[in-house]
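**Student:** So TrEMBL lists the following for this protein:
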- E73, D91, D94, D215: Mg(2+) 1 binding site (BINDING)
- I93: Mg(2+) 2 binding site (BINDING)
Amino acid sequence: MQAVDISQQARELDFLSGVARSAGSLALNYFRHDPQVWRKENDSPVSEADLAVDRFLKEKLLDWQPDYGWLSEETEDDDARMERDRVFVVDPIDGTRGFLAGSDEWTISVAIVEAGRPVLGVLYRPVTGTLYSAGLGLGARRDGRIIQISGRETLSGAAVAGPPAMLRRISGHLSGMNESSVTTRYISSLALRIALVATGDLDMAVAKKNAHDWDVAAADLIIAEAGGTLIDETGQELVYNRPQTVHPALVAATRPVAALVWPLVQRESTGENSPAY
(Lines of atoms letter the chains of each structure in order from A and count residues from 1; the text may use other names and numbers.)
(Lines give C-alpha, C1' and ligand atoms only; values in the text may rest on other atoms or scores of the structure.)
Protein backbone atom coordinates (compact mmCIF):
# COMPACT_ATOMS: atom_id res chain seq x y z
CA MET A 1 0.00 0.00 0.00
CA GLN A 2 1.27 3.47 -0.88
CA ALA A 3 1.98 6.09 1.78
CA VAL A 4 -1.21 7.88 2.79
CA ASP A 5 -1.63 11.49 1.63
CA ILE A 6 -4.10 12.75 4.24
CA SER A 7 -5.18 15.85 2.31
CA GLN A 8 -5.82 13.82 -0.84
CA GLN A 9 -7.70 11.21 1.18
CA ALA A 10 -9.94 13.95 2.59
CA ARG A 11 -10.71 15.32 -0.88
CA GLU A 12 -11.50 11.86 -2.21
CA LEU A 13 -13.73 11.16 0.77
CA ASP A 14 -15.65 14.38 0.13
CA PHE A 15 -16.21 13.31 -3.48
CA LEU A 16 -17.42 9.84 -2.47
CA SER A 17 -19.77 11.39 0.08
CA GLY A 18 -21.33 13.63 -2.55
CA VAL A 19 -21.82 10.76 -4.97
CA ALA A 20 -23.40 8.61 -2.25
CA ARG A 21 -25.84 11.38 -1.36
CA SER A 22 -26.84 11.76 -5.02
CA ALA A 23 -27.28 8.00 -5.31
CA GLY A 24 -29.48 8.14 -2.23
CA SER A 25 -31.72 10.75 -3.84
CA LEU A 26 -32.10 8.46 -6.84
CA ALA A 27 -32.98 5.48 -4.64
CA LEU A 28 -35.63 7.48 -2.81
CA ASN A 29 -37.48 7.93 -6.12
CA TYR A 30 -38.25 4.20 -5.94
CA PHE A 31 -38.67 3.84 -2.17
CA ARG A 32 -42.23 2.90 -1.17
CA HIS A 33 -43.29 3.22 -4.83
CA ASP A 34 -43.61 -0.51 -5.61
CA PRO A 35 -40.50 -0.96 -7.77
CA GLN A 36 -40.21 -3.96 -10.05
CA VAL A 37 -38.50 -6.90 -8.34
CA TRP A 38 -36.73 -10.00 -9.62
CA ARG A 39 -35.21 -13.01 -7.86
CA LYS A 40 -31.55 -13.97 -8.12
CA GLU A 41 -30.31 -17.55 -8.31
CA ASN A 42 -29.93 -17.62 -4.52
CA ASP A 43 -33.54 -16.38 -4.20
CA SER A 44 -32.52 -12.98 -2.81
CA PRO A 45 -34.42 -10.01 -4.28
CA VAL A 46 -33.07 -7.36 -6.63
CA SER A 47 -35.18 -4.36 -7.62
CA GLU A 48 -35.07 -1.80 -10.39
CA ALA A 49 -33.86 0.61 -7.71
CA ASP A 50 -30.77 -1.54 -7.04
CA LEU A 51 -29.96 -1.61 -10.74
CA ALA A 52 -30.56 2.11 -11.30
CA VAL A 53 -28.34 3.08 -8.37
CA ASP A 54 -25.67 0.64 -9.51
CA ARG A 55 -25.60 2.20 -13.00
CA PHE A 56 -25.42 5.69 -11.50
CA LEU A 57 -22.56 4.84 -9.16
CA LYS A 58 -20.58 3.02 -11.82
CA GLU A 59 -20.87 5.92 -14.24
CA LYS A 60 -19.95 8.60 -11.70
CA LEU A 61 -17.13 6.73 -9.98
CA LEU A 62 -15.39 5.27 -13.02
CA ASP A 63 -15.67 8.60 -14.83
CA TRP A 64 -13.82 10.09 -11.85
CA GLN A 65 -11.23 7.29 -11.53
CA PRO A 66 -11.24 5.24 -14.76
CA ASP A 67 -8.16 3.22 -13.77
CA TYR A 68 -9.82 1.75 -10.68
CA GLY A 69 -11.34 -1.71 -10.67
CA TRP A 70 -15.04 -2.32 -10.02
CA LEU A 71 -16.80 -4.81 -7.74
CA SER A 72 -20.53 -4.46 -7.11
CA GLU A 73 -23.32 -6.73 -6.00
CA GLU A 74 -25.35 -5.83 -9.09
CA THR A 75 -22.62 -5.97 -11.77
CA GLU A 76 -21.20 -9.14 -13.31
CA ASP A 77 -17.79 -9.73 -11.78
CA ASP A 78 -14.68 -9.06 -13.84
CA ASP A 79 -11.44 -10.68 -12.66
CA ALA A 80 -9.52 -7.74 -14.11
CA ARG A 81 -10.31 -5.90 -10.86
CA MET A 82 -7.63 -7.95 -9.11
CA GLU A 83 -4.99 -6.45 -11.40
CA ARG A 84 -5.84 -2.89 -10.37
CA ASP A 85 -4.09 -1.02 -7.56
CA ARG A 86 -7.39 0.32 -6.28
CA VAL A 87 -10.93 -1.04 -6.58
CA PHE A 88 -14.36 0.46 -5.97
CA VAL A 89 -16.39 -1.97 -3.85
CA VAL A 90 -20.06 -1.02 -3.98
CA ASP A 91 -23.43 -2.16 -2.70
CA PRO A 92 -26.04 0.05 -4.40
CA ILE A 93 -28.66 -0.80 -1.77
CA ASP A 94 -27.50 -2.77 1.25
CA GLY A 95 -30.63 -4.13 2.89
CA THR A 96 -32.79 -4.61 -0.21
CA ARG A 97 -35.33 -6.62 1.77
CA GLY A 98 -35.77 -3.74 4.21
CA PHE A 99 -35.96 -1.28 1.31
CA LEU A 100 -38.75 -3.29 -0.31
CA ALA A 101 -40.58 -3.63 3.02
CA GLY A 102 -40.59 0.14 3.52
CA SER A 103 -38.07 0.14 6.38
CA ASP A 104 -35.59 3.00 6.70
CA GLU A 105 -32.78 0.58 7.60
CA TRP A 106 -31.07 0.37 4.21
CA THR A 107 -27.93 2.07 3.01
CA ILE A 108 -25.73 2.86 0.04
CA SER A 109 -22.22 1.53 0.58
CA VAL A 110 -19.13 2.70 -1.32
CA ALA A 111 -15.53 1.78 -0.49
CA ILE A 112 -12.14 2.06 -2.12
CA VAL A 113 -9.95 -0.98 -1.49
CA GLU A 114 -6.18 -1.05 -1.87
CA ALA A 115 -3.91 -4.03 -1.15
CA GLY A 116 -6.84 -6.01 0.21
CA ARG A 117 -8.08 -3.45 2.72
CA PRO A 118 -10.46 -0.46 2.54
CA VAL A 119 -8.77 2.96 2.57
CA LEU A 120 -11.93 5.05 2.08
CA GLY A 121 -15.51 4.21 2.99
CA VAL A 122 -18.87 5.94 2.84
CA LEU A 123 -22.20 4.62 4.07
CA TYR A 124 -25.30 6.71 3.39
CA ARG A 125 -28.74 6.15 4.92
CA PRO A 126 -31.03 8.11 2.59
CA VAL A 127 -34.28 8.06 4.58
CA THR A 128 -32.67 9.73 7.60
CA GLY A 129 -30.02 11.61 5.63
CA THR A 130 -27.28 10.15 7.83
CA LEU A 131 -23.79 9.83 6.36
CA TYR A 132 -21.13 7.61 7.93
CA SER A 133 -17.63 8.01 6.53
CA ALA A 134 -14.02 7.08 7.19
CA GLY A 135 -10.60 7.42 5.63
CA LEU A 136 -7.49 5.54 6.62
CA GLY A 137 -5.83 7.78 9.19
CA LEU A 138 -8.70 10.28 9.10
CA GLY A 139 -10.92 8.74 11.77
CA ALA A 140 -14.61 7.89 11.39
CA ARG A 141 -17.50 10.34 11.30
CA ARG A 142 -21.26 10.52 11.37
CA ASP A 143 -22.49 13.64 9.59
CA GLY A 144 -19.07 15.20 9.96
CA ARG A 145 -18.63 14.54 13.68
CA ILE A 146 -16.02 12.12 14.99
CA ILE A 147 -17.46 8.85 16.30
CA GLN A 148 -15.96 6.31 18.65
CA ILE A 149 -16.94 2.81 19.61
CA SER A 150 -18.17 2.10 23.14
CA GLY A 151 -15.62 1.05 25.74
CA ARG A 152 -17.52 -2.13 26.60
CA GLU A 153 -15.42 -5.10 27.66
CA THR A 154 -18.19 -7.60 28.48
CA LEU A 155 -21.62 -8.35 27.04
CA SER A 156 -23.68 -7.99 30.21
CA GLY A 157 -26.32 -5.40 29.35
CA ALA A 158 -25.06 -5.09 25.78
CA ALA A 159 -27.13 -4.15 22.72
CA VAL A 160 -26.54 -6.64 19.91
CA ALA A 161 -27.84 -6.82 16.33
CA GLY A 162 -27.88 -9.75 13.94
CA PRO A 163 -30.04 -12.46 12.37
CA PRO A 164 -32.68 -13.58 14.93
CA ALA A 165 -31.89 -17.30 14.83
CA MET A 166 -28.17 -16.65 15.15
CA LEU A 167 -28.75 -14.27 18.06
CA ARG A 168 -30.88 -16.86 19.86
CA ARG A 169 -28.11 -19.43 19.60
CA ILE A 170 -25.40 -17.02 20.71
CA SER A 171 -27.58 -15.70 23.55
CA GLY A 172 -27.99 -19.25 24.81
CA HIS A 173 -24.23 -19.71 24.91
CA LEU A 174 -23.75 -16.34 26.61
CA SER A 175 -26.23 -17.25 29.33
CA GLY A 176 -24.08 -20.24 30.15
CA MET A 177 -21.12 -17.86 30.46
CA ASN A 178 -23.04 -15.61 32.90
CA GLU A 179 -23.24 -12.89 30.24
CA SER A 180 -26.87 -12.00 30.88
CA SER A 181 -29.27 -9.19 29.98
CA VAL A 182 -28.24 -8.94 26.33
CA THR A 183 -30.80 -7.01 24.25
CA THR A 184 -31.12 -8.00 20.61
CA ARG A 185 -32.55 -6.58 17.39
CA TYR A 186 -32.44 -7.22 13.66
CA ILE A 187 -31.27 -4.61 11.14
CA SER A 188 -31.60 -5.60 7.48
CA SER A 189 -28.54 -3.65 6.33
CA LEU A 190 -25.41 -5.42 7.53
CA ALA A 191 -23.34 -2.32 6.82
CA LEU A 192 -25.64 -0.20 9.00
CA ARG A 193 -25.46 -2.84 11.74
CA ILE A 194 -21.68 -2.43 11.83
CA ALA A 195 -21.81 1.37 11.60
CA LEU A 196 -24.09 1.52 14.64
CA VAL A 197 -21.46 -0.39 16.58
CA ALA A 198 -18.93 2.22 15.44
CA THR A 199 -21.11 5.01 16.85
CA GLY A 200 -21.70 3.22 20.16
CA ASP A 201 -25.45 2.84 19.50
CA LEU A 202 -24.85 -0.92 19.47
CA ASP A 203 -22.21 -2.90 21.32
CA MET A 204 -21.90 -5.77 18.88
CA ALA A 205 -23.13 -6.88 15.47
CA VAL A 206 -22.95 -10.38 14.04
CA ALA A 207 -23.57 -11.89 10.63
CA LYS A 208 -24.01 -15.40 9.33
CA LYS A 209 -21.64 -16.71 6.69
CA ASN A 210 -22.05 -15.58 3.08
CA ALA A 211 -21.67 -11.83 3.44
CA HIS A 212 -19.69 -10.43 0.51
CA ASP A 213 -17.06 -7.73 0.08
CA TRP A 214 -19.66 -5.18 -0.98
CA ASP A 215 -21.73 -5.73 2.16
CA VAL A 216 -18.98 -4.83 4.59
CA ALA A 217 -15.96 -3.08 3.02
CA ALA A 218 -17.04 0.49 3.80
CA ALA A 219 -18.40 -0.40 7.24
CA ASP A 220 -15.20 -2.30 8.05
CA LEU A 221 -13.12 0.86 7.70
CA ILE A 222 -15.68 2.92 9.60
CA ILE A 223 -15.59 0.64 12.64
CA ALA A 224 -11.80 0.29 12.48
CA GLU A 225 -11.30 4.07 12.43
CA ALA A 226 -13.77 4.36 15.32
CA GLY A 227 -11.58 2.07 17.42
CA GLY A 228 -13.37 -1.25 16.93
CA THR A 229 -12.86 -4.32 14.80
CA LEU A 230 -14.61 -6.55 12.28
CA ILE A 231 -13.30 -10.12 12.32
CA ASP A 232 -14.22 -13.46 10.81
CA GLU A 233 -14.53 -16.92 12.36
CA THR A 234 -10.74 -17.26 12.62
CA GLY A 235 -10.44 -14.05 14.61
CA GLN A 236 -8.72 -12.28 11.70
CA GLU A 237 -9.60 -9.06 9.89
CA LEU A 238 -11.11 -9.44 6.43
CA VAL A 239 -9.17 -9.33 3.15
CA TYR A 240 -10.94 -7.84 0.13
CA ASN A 241 -10.71 -8.02 -3.66
CA ARG A 242 -9.82 -11.70 -3.79
CA PRO A 243 -11.11 -14.16 -6.42
CA GLN A 244 -13.78 -15.29 -3.92
CA THR A 245 -15.61 -12.34 -2.37
CA VAL A 246 -17.66 -14.29 0.18
CA HIS A 247 -16.86 -14.36 3.90
CA PRO A 248 -17.62 -16.69 6.83
CA ALA A 249 -19.59 -15.64 9.90
CA LEU A 250 -18.55 -12.22 11.23
CA VAL A 251 -18.52 -10.20 14.44
CA ALA A 252 -18.10 -6.43 14.84
CA ALA A 253 -17.40 -5.09 18.32
CA THR A 254 -14.79 -3.67 20.64
CA ARG A 255 -11.67 -5.80 20.63
CA PRO A 256 -12.31 -7.33 24.08
CA VAL A 257 -15.88 -8.28 23.17
CA ALA A 258 -14.87 -9.61 19.76
CA ALA A 259 -12.25 -11.83 21.40
CA LEU A 260 -14.93 -13.15 23.75
CA VAL A 261 -17.53 -13.85 21.07
CA TRP A 262 -15.68 -14.97 17.97
CA PRO A 263 -15.39 -18.62 19.10
CA LEU A 264 -19.20 -18.66 19.26
CA VAL A 265 -19.46 -17.02 15.85
CA GLN A 266 -17.05 -19.63 14.52
CA ARG A 267 -19.69 -22.29 15.12
CA GLU A 268 -22.10 -20.39 12.87
CA SER A 269 -20.02 -21.08 9.77
CA THR A 270 -21.05 -24.72 10.01
CA GLY A 271 -24.72 -23.72 9.88
CA GLU A 272 -27.18 -23.04 7.12
CA ASN A 273 -26.29 -21.59 3.73
CA SER A 274 -28.71 -18.67 3.79
CA PRO A 275 -27.82 -15.33 2.14
CA ALA A 276 -30.00 -13.55 4.73
CA TYR A 277 -27.20 -12.29 6.93
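Note that Cβ sites are derived from N, Cα and C of the backbone, with glycine treated the same way.
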**Student:** Could you work out which of the binding-site residues (E73, D91, D94, D215) has its C-beta surrounded by the smallest number of other C-beta atoms within 10 A?
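**Tutor:** Result for the binding-site residues E73, D91, D94, D215: minimum number of other Cβ atoms within 10 Å at E73.
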**Student:** In sequence order, which residues at least six apart in the same chain have a CB under 8 Å from the CB of I93 (Mg(2+) 2 binding site)?
**Tutor:** A27, S47, A49, D50, V53, F99, W106, T107, I108
**Student:** What are the other residues, in sequence order, whose C-beta lies within 8 angstroms of the center of the C-beta atoms of E73, D91, D94, D215 at the Mg(2+) 1 site?
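**Tutor:** Those within range, site residues removed, are V90, P92, I93, S109, L190, A191, H212, W214, V216.
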**Student:** Is D91 (Mg(2+) 1 binding site) helix, strand or coil when read with DSSP?
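**Tutor:** SS state of D91 (Mg(2+) 1 binding site) = strand.
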**Student:** According to DSSP, does D215 (Mg(2+) 1 binding site) sit in a helix, a strand, or coil?
**Tutor:** helix
**Student:** Which of the three DSSP states, helix, strand or coil, fits E73 (Mg(2+) 1 binding site)?
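**Tutor:** DSSP call for E73 (Mg(2+) 1 binding site): coil, neither helix nor strand.
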